[in-house]
């Protein structure tokens, strides 16, 4: 990777995350009719907004907490709380996003959980919930011994990156599926690349770029906490 300082990179990534949220909100507002919470099509529009905001942007921010230079010294507990809180906020938004889509489906007699997007998305949420509970029990509660923390830490890191990858895949497949269902004449119009398709495809690329940059930051050795291989300190 290019030798880019972390803080400018982090600012650029934050701007990109805000652009992703702005794009998905604009798509649902301008082309899909806005927002509501009444079981209508407008209620469904909360689903992509909440999922992109929670499972991609907030979750990506939570993943990078320990890359902040300020977290490299002093007690870990405040950074653990911040990391866990951001992840919990992401999970809360994701649950609300699931409520929106299930309520919309039930109100319109649409079957649930029949597409690859739905299977992938639900698997991501379930894996995320297990990851958060295991991390909370191991790293925040005081009863976990140091050897257990050291044993679980690489597993936690691996699944953290995996969940972000799955979240990006879920969002991109969901955008494509929504275009097929929403455009007049479906795939026949999609292949003509109308303005909505161009905008939504661009959103998908922005989400993919955000995920790739977060994973690249996590993999960069010089941005890792210097004591990453040391035993976890007791709080």
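Each Cβ is built from the backbone N, Cα and C atoms, and glycine gets one as well.
TrEMBL has this to say about the protein:
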type	residues	note
DOMAIN	12-219	domain 'Cytochrome b561'
TRANSMEM	6-28	transmembrane segment
TRANSMEM	49-69	transmembrane segment
TRANSMEM	81-102	transmembrane segment
TRANSMEM	114-134	transmembrane segment
TRANSMEM	154-176	transmembrane segment
TRANSMEM	197-219	transmembrane segment
Recorded stretch that, among 6-28, 49-69, 81-102, 114-134, has the most CB pairs under 8 Å to the transmembrane segment (197-219): 6-28
Can the transmembrane segment (114-134) be said to touch the transmembrane segment (6-28) if we require at least 3 CB pairs below 8 Å and skip pairs under 6 apart in sequence? no
